[in-house]
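Listed in Swiss-Prot for this protein:
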TRANSMEM  23-43  transmembrane segment
TRANSMEM  60-80  transmembrane segment
TRANSMEM  93-113  transmembrane segment
TRANSMEM  114-134  transmembrane segment
TRANSMEM  147-167  transmembrane segment
TRANSMEM  185-205  transmembrane segment
């Protein structure tokens, strides 16, 4: 997974070291190259081809999400150039840096093996998203939208954290690879339904 995470992170120094005229071309081109590299994950259909590690890995479920995430940066760069063309060069590079941070955090989120790491990275995406909404939002109500986004996201993430703590106490681990080795049956009780609702609530809040 480092072949995707590390190049995505290195887009930050590329953004600030590139000249003002070439920063859009450089970041867009290299982000498209990262996307082409990530497409290789779609052909890793069996466990022998997966590069497992204690922190990050890709499987047939997360690989399509990773490929879609790598499309996020180049498409947003192409769509927003005209919108922020009147901004200063410093603000343009700051905007690109926030998009790069958002993509890197999303890649690490979808490839995380530990559920608590997934939770931390998933909530960390709130920071660049909130700054982009409140600073470069197109509507005049962007500040109110940012406040509502922050409030609903934090409120929706608390049940997910409680559910993860409960899973940790129940199974003894939050590692997804180790949890697949657990063959204990899942009881269909009302508490498990509440647990499922708590886990899905954080994603439903961010869906809009």
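Even glycines carry a Cβ here, placed using N, Cα and C.
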Intrachain residues whose Cβ lies under 8 Å of the transmembrane segment (60-80), provided they are six or more past its termini: 4, 8, 11, 24, 27-28, 31-32, 34-35, 38-39, 41-42, 44-45, 95-96, 99-100, 102-103, 106-107, 110-111, 136
Sequence-remote partners of the transmembrane segment (185-205) [C-beta within less than 8 Å, at least six residues beyond its ends]: 122, 152-153, 155-157, 159-160, 162-163, 166-167
Same-chain residues near the transmembrane segment (147-167), Cβ under 8 Å, at least 6 residues beyond its ends: 115-116, 119, 122-123, 126, 129-130, 133, 174, 195, 197-199, 201-202, 204-206
